[in-house]
Amino acid sequence: TTHLWPKQLMKHGLSGALVDTGKGKDALNVTISKLQPSMVEYIAENYTREAGVRQLERCLASICRHIATKVALDLEKRAKAKDFVKDPPSSPLRFEVDDELVEVVLGAPKVGNYRVLYKNLCRRLQTPGVAAGLAWTSSGMGTVQLVECCSIKSVSSLALKQSGNVGGDLTNALGRMTLTGQLGEVLEESAQIALTWARSMCSQATLSSRGQRGGQGLSDHEKSLCLYESAMLSDIHVHLPAGSVPKDGPSAGVTIAVALTSLFFGAKCRADTAMTGEISLHGTVLPVGGVAEKVRAAQKIGMSRVVVPESNEEEAREALKDSKQLKEVEVIPVKTVEEAIDAAIVGGNPWHSASVWGQGPVLSQEVAAKL
């Protein structure tokens, strides 16, 4: 407000206009309201997404061009009427730099239309294998980042089935993982850790369910065999949308683990819950940075629950104290990945409850024979 705005007013020939209700002769007979800091924040949140101010300056320049055009048209109109010098209008042109003017000049919000974003998030989270994470961007702001997972029968697994070698070694049939979304090395490692943890849990569930009978006509062991084939023998594809934006960091570990669990069990994630946290191979949730910005982003978009590492709980609660005018958000601190899954998946943690087992793929004979 003290540098960029005056600079653009001067560049567009509006430096002679009265700003607010300043004193002195109004050379242009134009009054422009003072640019409030809240409007700068509104423009930055809704029309820019960068660490610098170049895009913000472009937006301010667009507003100045709009005003300058209106002023020029008014001057031309008065000049044609030959009353420009003799009888200048008593009431000057006045421009209020508010959200209404900003939307007229810049159009509908391009970045922070939170109502539309939340509606789209809710729709996409209706699919098993999709979870909402929280990320810290290069612009120093938080954002909600979806993680999408899907599985497909691996080629090696299909070849084993077609060969009829039921007693063969299934080690080489272990499904591979594909990562897309322009991910950095640290984020790729987090995804690998999440998949290894999920497959470890799958192996334990398979072994512990031998001989146990469950409801709905299938034994727990039969269900776990379906899970084994889905998690162990299928190729897994993990994608983080907005592929043109580079992404890195360890804080997506919890989100990927939740998304994989959702995929393997066919259970949906809650649409009102976002999460962040690094994980270890044994399922411990570790603290991460940028939690304050992340929970504010979840609050702005309309999330009502955030899952954070227990060590970051205080930081998250402090961040929410400064934004009480927005929707209240429940902070859920977790120590383990299983606690995060219990909070994020509809119906609770499927690793512990047979009532929310998803409809896994049909059990293959070779898998049943080996197990």
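Along the chain as shown, the residues are counted starting at 1.
Glycine too: its Cβ is placed from the backbone N, Cα and C atoms.
A C-beta separation below 8 Å, combined with a sequence spacing of at least six in one chain, links SER251 (active site) to GLY133, LEU134, ALA135, TRP136, SER190, THR276, GLY277, GLU278, VAL288, GLY289, GLY290, LYS294. The active site feature in TrEMBL is assigned to SER251 (among others).
If you look up TrEMBL, you'll see LYS294 (among others) marked as active site.
The domain 'Lon proteolytic' annotation in TrEMBL covers 125-347.
Confidence annotation: the domain 'Lon proteolytic' (125-347) carries a mean pLDDT of 81 in the model.
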